[in-house]
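What Swiss-Prot records for this protein:
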{"type": "MOD_RES", "residues": "ALA2", "note": "N-acetylalanine"}
{"type": "MOD_RES", "residues": "THR22", "note": "phosphothreonine"}
{"type": "MOD_RES", "residues": "LYS314", "note": "N6-(pyridoxal phosphate)lysine"}
Amino acid sequence: MASQRNDRIQASRNGLKGKVLTLDTMNPCVRRVEYAVRGPIVQRALELEQELRQGVKKPFTEVIRANIGDAQAMGQRPITFFRQVLALCVYPNLLSSPDFPEDAKRRAERILQACGGHSLGAYSISSGIQPIREDVAQYIERRDGGIPADPNNIFLSTGASDAIVTMLKLLVAGEGRARTGVLIPIPQYPLYSAALAELDAVQVDYYLDEERAWALDIAELRRALCQARDRCCPRVLCVINPGNPTGQVQTRECIEAVIRFAFEEGLFLMADEVYQDNVYAEGSQFHSFKKVLTEMGPPYATQQELASFHSVSKGYMGECGFRGGYVEVVNMDAEVQKQMAKLMSVRLCPPVPGQALMGMVVSPPTPSEPSFKQFQAERQEVLAELAAKAKLTEQVFNEAPGIRCNPVQGAMYSFPQIQLPLKAVQRAQDLGLAPDMFFCLCLLEETGICVVPGSGFGQQEGTYHFRMTILPPMEKLRVLLEKLRHFHAKFTHEYS
């Protein structure tokens, strides 16, 4: 410390003032944060796009962003009813226009009446607009077959991500071996590892079983938990269903087993259910943790703590930019729930347009309303096309030597395993790169296809994967898959 002070004094005498904030003085937890979905691969993709705009010759004419689940960036059209209501809310003068259906006008008027000054530009209360929270509660009741939901247990949020991080902030505590441990699936969505690094929590990995279509195995949960108790205090179990990046849909039997395990081991359950509308595989069905927990009866229904999350960014909506979401808490301590409300109030409120959109998602047009027919047709078209693209992706990858892809049962991604030659692995190590990062960088430079290496999500040692979204339009997806298959064959030959 004394030498650093002397260095600063000497620099000052020389007319130089050192930076207060440097890599050495900044929060070390932030330095440890990594987020592969928007990591180095994506930064290089942005550079390539800029080079193409400047006329630099490349082996491709466009960069295809298959790295992120951003449906509308990939060309998916917004749901008409949602945009009509939003337009009316943003510019209420349109309420007198004959170009908008009456049910859209009624919905917009209801939202505006709940806003301060009847304006979408006003702050809402921190937990979200009350009528929209009531709509969310009614949606959960319908989804779960009549099981009650209390609006007071629902908090609207800036996408599901913000609610997940808020919940982790409440849960992470202690020092040393008493520090909170959080069990997360591997492969995982990097939000979890990034948030845990930022909060200085202990990440506890449990591995999904790739040989059984990414099944969640209770024996593996128990292994991870027992080993973790030597270095931390495991208090939280995170489950992503349907899975990201793995695309599996958990069975009801599996969910029941997870709930029993969490109850027996004293773990708070976090259920990331943002892909609940994205289920494609025959025989697969989404079961909410809230529904299963309640139907299991006491003591689980009355004692097991649960937070479940949903979002407007995924599903058939794909409204990522509006940042709308919610969390529902079950069996949370009443005093802790007050602390949660306090923590959310520091952020003032979630974006009000995102709240409005969440309200539309959970309360879409009904069969008796004029917008229903178009809404239903648009919704079914999106989901049917996603199902077809999921099947095509699995089929093309599994026909390619050296690539193996589990069924894409749900969500928006495939996560194929790729075989990489030893020379390629050695070359990657020489460059200081993970082997699948090296593969993905080479793929990007040669084809313009941007995917995320499996090492950014976590994977079993000695295996290599990449995550690719199934969102591109069907004609572009076919070309993308063929290019990927051809490139892998060429890459394998080059390094054999």
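Even glycines carry a Cβ here, placed using N, Cα and C.
On a predicted model such as this, the values are computed, not experimentally measured, just so you know.
Ranked by Cβ neighbours within 10 A across all protein chains shown, the modified residues THR22, LYS314 are led by LYS314. Reduced to three states, the DSSP call for the residue listed as 'phosphothreonine' is coil. Here THR22 (phosphothreonine) is positioned 38 angstrom away from LYS314 (N6-(pyridoxal phosphate)lysine), judged by their C-alpha atoms.
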